[in-house]
Amino acid sequence: MVRGCTRGACRRFIDRRQSALNFGLLVVAYILYLIVGAGIFSAIELPYEDALRQKLKADLRDFLRNNSCVSDARLEELLARALEASNYGVSILGNDTQRSWDFVSSLFFTSTVLTTTGYGHTVPLSDGGKAFCIFYSLLGIPVTLFFLSAAVQWIMSVVTRRPLSYFHRRWAMSKSHLGVIHAAFLAFITTLIFVIIPAWIFVTLEEDWNFLEALYFCFISLTTIGLGDYVPGETPSKDVNPHPHLYRLAITVYLLLGLVCVLVVLETCWELPQMKRLRHRFYEENLRELDSETTNIIDRDQLSDQLADTADHVIDHPATISSVSEQAASIRQNGKSAPYTLASGSALNGKPR
């Protein structure tokens, strides 16, 4: 008896706190995902880091051995200055031809700042530039988010909502199943146009990149991760890149368009009914209101279909107009809505209902 009461109490407690328990499990799973990712990255990258450090130390010893006139302290001082300058986007390699703060490069910098990509290859050098970057970003980032949100909603009305409504009426398919197919197709097209094809283009234009590195750059950029280890247009060679300003401007346009299209795909997936049901598992919500809203949506869809069938029937059978008028008057007198029913013996599109 006691055991039965305990099980019943536990069951009721779990039912009442189901969303909180689901959210707790989600937090634990996310933390485990972080830990597993950190362990894998450490296992993969740490040997390469140690090997590179050992090779760099060996090269430094060889240089000092072959150039005895250079002291260890002076060489380290020079290298420290060169690394500090490199962190600010100034390199001693090809410095006569490469500029980090001309207008086009500054435009590229502002686009990476306002979209929060932030490669980090170019940063403000002066105190005035750093102060202006704070105030510029403080206003520009919310404006950029608003612009991206408006652009995404406008594009979704053209490439998502209208096609779904059209094919739903045309094929009479479930919107949930149709939405999954549409989202998968949209993701495939976006990946092809803004990841695969640009990666091949970058391979031809960047002499030091292979396809994996170009693909890596496209993914890191369009997801606004922006690690900055690969930035196109950094080569000082005029033979490979004869129009560096035009190339950098094209990259800026590509990143903005690609980011908008990626957000469209994410928003399309986010609005899928399956995703909405999954989200409802992790937070409290009045399920009755949700069910009521869903029921109203279904009723409106059914009412629209019924009205369309009724209009077709009235066109084919004008005599039923009087029956429709009588039912409308009855609805107004009763003060509540009721589904329209055809008069007995009538037919829809020539077939008995």
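For all residues, glycine too, the Cβ spot is worked out from N, Cα and C.
Please treat TrEMBL annotations as automatic predictions, because they have not gone through curation.
As recorded in TrEMBL:
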type	residues	note
DOMAIN	97-156	domain 'Potassium channel'
DOMAIN	191-269	domain 'Potassium channel'
CARBOHYD	Asn95	N-linked glycosylation site
TRANSMEM	21-44	transmembrane segment
TRANSMEM	134-159	transmembrane segment
TRANSMEM	180-202	transmembrane segment
TRANSMEM	214-233	transmembrane segment
TRANSMEM	245-266	transmembrane segment
Per-state residue totals over the domain 'Potassium channel' (191-269) - DSSP helix, strand, coil: 53 helix, 0 strand, 26 coil
Residue distribution over DSSP helix, strand and coil in the domain 'Potassium channel' (97-156): 42 helix, 0 strand, 18 coil
Local confidence of the prediction over the domain 'Potassium channel' (191-269), expressed as mean pLDDT: 88
